[in-house]
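Participant: Shown below is the structure under consideration.
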Amino acid sequence: MASTWKPAEDYVLQLATLLQNCMSPNPEIRNNAMEAMENFQLQPEFLNYLCYILIEGESDDVLKQHYSLQDLQNNRATAGMLLKNSMLGGNNLIKSNSHDLGYVKSNIIHGLYNSNNNLVSNVTGIVITTLFSTYYRQHRDDPTGLQMLYQLLELTSNGNEPSIKALSKIMEDSAQFFQLEWSGNTKPMEALLDSFFRFISNPNFSPVIRSESVKCINTVIPLQTQSFIVRLDKFLEIIFQLAQNDENDLVRAQICISFSFLLEFRPDKLVSHLDGIVQFMLHLITTVNEEKVAIEACEFLHAFATSPNIPEHILQPYVKDIVPILLSKMVYNEESIVLLEASNDDDAFLEDKDEDIKPIAPRIVKKKEAGNGEDADDNEDDDDDDDDEDGDVDTQWNLRKCSAATLDVMTNILPHQVMDIAFPFLREHLGSDRWFIREATILALGAMAEGGMKYFNDGLPALIPFLVEQLNDKWAPVRKMTCWTLSRFSPWILQDHTEFLIPVLEPIINTLMDKKKDVQEAAISSVAVFIENADSELVETLFYSQLLTSFDKCLKYYKKKNLIILYDAIGRFAEKCALDETAMQIILPPLIEKWALLSDSDKELWPLLECLSCVASSLGERFMPMAPEVYNRAFRILCHCVELEAKSHQDPTIVVPEKDFIITSLDLIDGLVQGLGAHSQDLLFPQGTKDLTILKIMLECLQDPVHEVRQSCFALLGDIVYFFNSELVIGNLEDFLKLIGTEIMHNDDSDGTPAVINAIWALGLISERIDLNTYIIDMSRIILDLFTTNTQIVDSSVMENLSVTIGKMGLTHPEVFSSGAFANDSNWNKWCLSVNALDDVEEKSSAYMGFLKIINLTSTEVTMSNDTIHKIVTGLSSNVEANVFAQEIYTFLMNHSAQISAINFTPDEISFLQQFTS
């Protein structure tokens, strides 16, 4: 039913004025308008007025009298975006049910009728999409939702491109809801699919309509709905026809995506057509001018190679066709060659422009990812360059990179077959007179390094010296790529061929001072990879002084952009080696000098804060003279960011600093705590329990929606509990425990796993040092619920930390685990599996001490298997200070002596047992 609402002219004019003033460059006018807008938002008809200005803003007679055409168009777009924002997030006026939406539902589609104004039609499409995602999903019985879908389909049938674009956005956000019943018990999915099929089958529709329709269908494929499955053969028939006949790039790109989705969800339907599909993709890669299409085709080949649904024997016949084309597309295109040749001059002396510096988020150190409390970066991509196969970290994803990535995965899967085809080709071109051929060849070698390592084995002793020579090549791209490729061979060098380490790493270190910035960047990244992959003893013995001296030179020589990469390398170096007095004298002064020159709002602080965090932690008490100044500034930045964040909830005009300022400040403070230990207590708590500001700030940070903020804050909390007087935390203990519980119970996002790990780790330290008393029942239940769950897959590092924390809780309250959910052989066995691999003696000892207290208190009616007893003895016999809890061990052995005599132990385990039986 059409809305009978009509706007009041004075309100329309008033709102139009506010919209214009909200965009004013004058802050006073803008702020006053924002305040007035907040009052306007309280009116029930607010959304209707915004919609009216969006769709009638250029035809309303009153508005035309007061505004120019340009102002009217700007106002329409502003009204549309405000309408969209008013339906989203914390500003969602729909959920409050206090605002009339009738006019919006009945008339918003009119914004698509006049498609001459692209801005207005695009904004209208966004509003319609938002209306579906925030209102119609929850109100599927509202007939206007179904009516709007049919109107969009009808408009598309008449050639209206904004309508199909709106449908495409709606399908992307809400496709799964169209499987459900809407008004009149109708399931819209069938009508939608039939319409999309009709649009893509008819060549008379525009390329935009055809491509967007395929895009709509692509949102349905992963859902595997019955309505699509029964139409799948029809879709395949149409899509194969399009692949043969439709030469439009927009359509072809979507066809490639369709095949990629089908490969993932219905590979059985593609197997008999793979010859044609692969040839189609190779044809696109080699012939189309639009690189986006070629990238999508190459993405299919990448998916084809990595799909768990495609056995190796099916992929193998295509290697001979795919690999040569991948190699050919790894050469820079003509335009890039011209640009690179024109910019080969030295540029290291030129200052970087701020706009040329890509924002770099801090390298988050997952400090507590292992239960032993040490750094554990297993879940991180240690080699930052692996995401950019050609090392071009400043350019967007392109065909060259996609080809290199595809060659990489194919070499990992079928190394022998790929090498047989690729290596003769590469050997022929290694000495090419054309620099871009040499560069692409070196890129290919790097791309194949991981998978083909053992097949390279015979040739690498000759190949490595050749690559080192290329560090002196006249052309900067060749030198740059050589740095990256040599780093890819670092595992081969470091594991079994250390005789190559000095001949390779010394020239790369020398290349740090290259006169071309791109080469500097590649060299420092390569050095960082070698540091990361090498044993600390190797770095300290062979390269410690040389790296310190080189870092010092680089700190003086590098410009802004490469300093960011350098900070990361120094941070990795500090994590790997125990820095000494020499390091403090060489690299600390320039770091502190740069730190002092940067403003609190400079984004260059992010990597520098992370770097200083690692350096402070490594230097330990030697960092003490600088600690007060460094801490005070980090604390000031942290407080400022948290304060602005809180104020922004009341005042949306406040610009909130990026979360990275909070994360890096927390990490630097934590680095000081780790490095200085108890000596840093007076920094954080200068008045003892009289000033707990840092804890109040941390409580705010632990409620931040960004996982990395909470992750860093839990790490700091754990270290405060570990190093400082426990009385400092007791006053806020209940609040911290509630937030720890919330993290463990409700953070089920895989990206948030490190935050969960740190929360559990912190809880373990708290329970070890502070008697949880009345909180122990609730906290143990939270831990056990996750430990014993069989409804989800628990990350191994999470399980490890859960196990350690159970042990630590058992130190003071073994009774809560000696009966109930934990008290059975299966859980004990699982506990041992998680804890036995720990290397940290202190952590493992405290975990086992608490665990044995629990076991010794458990009723003898609960039987323990020989396998579990064996695992306990295995765990106790290595990396454990048994003398600290010898009585608990003795009691356990006595209680299970009959079973122990029947178990076959290793010599080390027997030696351990003899300590308690002799």
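Keep in mind that glycine also has a Cβ here, set from the backbone N, Cα and C atoms.
Under the heading compositional bias 'Acidic residues', Swiss-Prot lists 372-393. Look at Swiss-Prot and you will find 361-395 tagged as region 'Disordered'. The repeat 'HEAT 2' annotation in Swiss-Prot covers 43-92. Marked as repeat 'HEAT 3' by Swiss-Prot on the basis of similarity to another entry: 103-137. Summarising the annotation, Swiss-Prot assigns repeat 'HEAT 4' to 145-181. What Swiss-Prot lists as repeat 'HEAT 6' is 235-263. Residues or ranges marked as repeat 'HEAT 7' by Swiss-Prot: 275-303. The repeat 'HEAT 8' annotation in Swiss-Prot covers 320-413 and rests on similarity to another entry. The repeat 'HEAT 12' annotation in Swiss-Prot covers 542-577 and rests on similarity to another entry. Taken from Swiss-Prot, the feature repeat 'HEAT 13' covers 583-620, and the record attributes it to similarity to another entry. Annotation comment: Swiss-Prot describes 628-678 as repeat 'HEAT 14'. The repeat 'HEAT 17' feature in Swiss-Prot is assigned to 777-814; the stated evidence is similarity to another entry. What Swiss-Prot lists as repeat 'HEAT 18' is 825-858, and the listing cites similarity to another entry. Among the features that Swiss-Prot reports, repeat 'HEAT 19' is placed at 867-900.
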Participant: Let me spell it out: take the repeat 'HEAT 12' (542-577), skip the flanking residues so only those 6+ beyond its ends count, and list any with a Cβ under 8 Å from a Cβ in it.
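Facilitator: Residues 348, 350-352, 354, 356-358, 360, 363, 365, 375, 384, 501-502, 505-506, 509, 512-513, 517, 520-521, 524-525, 527-528, 531-532, 534, 536, 583, 586-587, 590-591, 594, 604, 607-608, 610-611, 613-615, 617-619 contact the repeat 'HEAT 12' (542-577) from elsewhere in the chain.
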Participant: Under DSSP, the repeat 'HEAT 2' (43-92) has how many residues in helix, strand and coil?
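Facilitator: Split into helix, strand and coil, the repeat 'HEAT 2' (43-92) gives 38 helix, 0 strand, 12 coil.
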Participant: Looking only at residues six or more beyond either end of the repeat 'HEAT 4' (145-181), which have a C-beta under 8 A from one in the stretch?
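Facilitator: Same-chain contacts beyond the flanks: 105, 108-109, 112-113, 115, 121-122, 124-126, 128-129, 131-133, 135-137, 139, 187-189, 191-192, 195, 199, 205-206, 208-209, 212-213, 215-216, 219-220, 223, 225, 227.
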Participant: Going through 43-92, 628-678, 777-814, 825-858, 867-900 one by one, which has the most CB pairs that fall under 8 Å from the repeat 'HEAT 3' (103-137)?
Facilitator: 43-92
